[in-house]
């Protein structure tokens, strides 16, 4: 370990000399308190160090010691249900060590609990050939998550010894005989955060990640292994949308990174998730969640590390064969941290002061998402779905972070302040949003949900787009200028908007909608259009059709029908057909 000397302090940036033996991205202990920092630039024997803790009180002449290791995370049992800061210090152990409710400088705590014992059940036996990524046993970490203990990257050989029983994360569970001698394997392994974990092959994502949010699953789906962005102005509901996806998304593991956002938003997650029950497992949602809290009142530099820490933990669970979703809230704050460090390093600024390499850094992050065939000999398939919130100042998505993100991701959920003011949630604007996975996922839906799913989705989307054009005419010359067919189209579009797209995240039934129910709801609304058009062709007045208040009310309330009572929707379809038949036969208002 080489000791250097500080010659300059500029906020979170410290420059030290005498560091000629250090490497870029090495972790350093800065000052007498041993603050954690990372070398981000080397010039001769001078190192520029990004410090992840408050640097007040540090000055020229103070020592800097390099550890010779890059910033790494500890991967093993104990990750699930934990809450870490941006450099993977567990906040509960941090509080005990610091004896304070506030983040204290210079406190060093291990990321994974060194005392807790975990029950290890071997699945491999002595004499088995193993290589990087081979699963040699399991640990039941929570009732929902089984950790598959893998051979660390870079080890290949024969198992010489393997033990069953209770072990801490640092105790040896197996010995592998390699060409370079015996290698010990523990429950825990380390991995540098800036380097993506390797895999056998990348696979094209075709299966949707279901979220239970109708506007997402039906119109703008994201594939398992895809990448999505949620840009929107303040108060448009980015965080609530991410919370909903984290709660109800059908990923097996959720990594939630609160990066530079308000502390009370992380508090909401910590308070809500343990009480919410996962509809698939019947267990608390917290039993499959890893939280990384790096809120706006924590040091700016640590924001950059928090995103990498999160994606590395996600890759570890992906390598086990799980489907993982990672929420980053918000990547704009992370980009602001990059901008601050770039300014302190006196680099040439790009657009709006952001560094010229902003686009490539964002791409590095999103490209670590994807569906892959994992290392090992059993052909496991794992995926990471990355969902990043973007907070453009004033909601202007022409700024660099939004534009760089949109060039990379394939799904854009554009949040609209106008919809938020109208109390329409989720505030995803159906005219500006898009999903490049929609055609691929339609094929999956047609095969797994209903043959005409894609056709229904297209019909509903066309109606919503036509509505926007018809609204222009109505604003200019009034609704009376429209034909009856167009007025009916406006009525159906209103039903799609208010009864289908709008969803109450706080209602116990409406907060989550299965694919089967989504199909039945959409089929019901578009079935109403089909029947109403049949009546118009038979000469029934539009006002008589619109006067069927009771039936329209039942269609609107179908979103509150329980998942176990979906046959009630089939009854509404029958009643609707009968009511239209009555109208055609009588030529008057149906007594529905």
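The backbone N, Cα and C atoms fix where each Cβ goes, glycine too.
The ATP binding site feature in Swiss-Prot is assigned to 232, 233, 234, 235, 236, 237, 238, 239.
Positions of the features from Swiss-Prot, shown on the structure.
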residue	record	Cβ contacts under 8 Å, 6 or more apart
232	ATP binding site	238, 389, 390, 391, 395, 414, 415, 416, 417, 427
233	ATP binding site	392, 394, 395, 415, 417
234	ATP binding site	391, 395
235	ATP binding site	417, 420
236	ATP binding site	395, 415, 416, 417, 419, 420, 427
237	ATP binding site	415, 420, 425, 426, 427
239	ATP binding site	261, 265, 329, 389
Residue 238 (ATP binding site): tally of other CB atoms within 10 A of its CB: 25
Non-site residues, in chain order, whose CB comes within 8 A of the mean position of the CB atoms of 232, 233, 234, 235, 236, 237, 238, 239 at ATP: 391, 415, 417, 420, 427
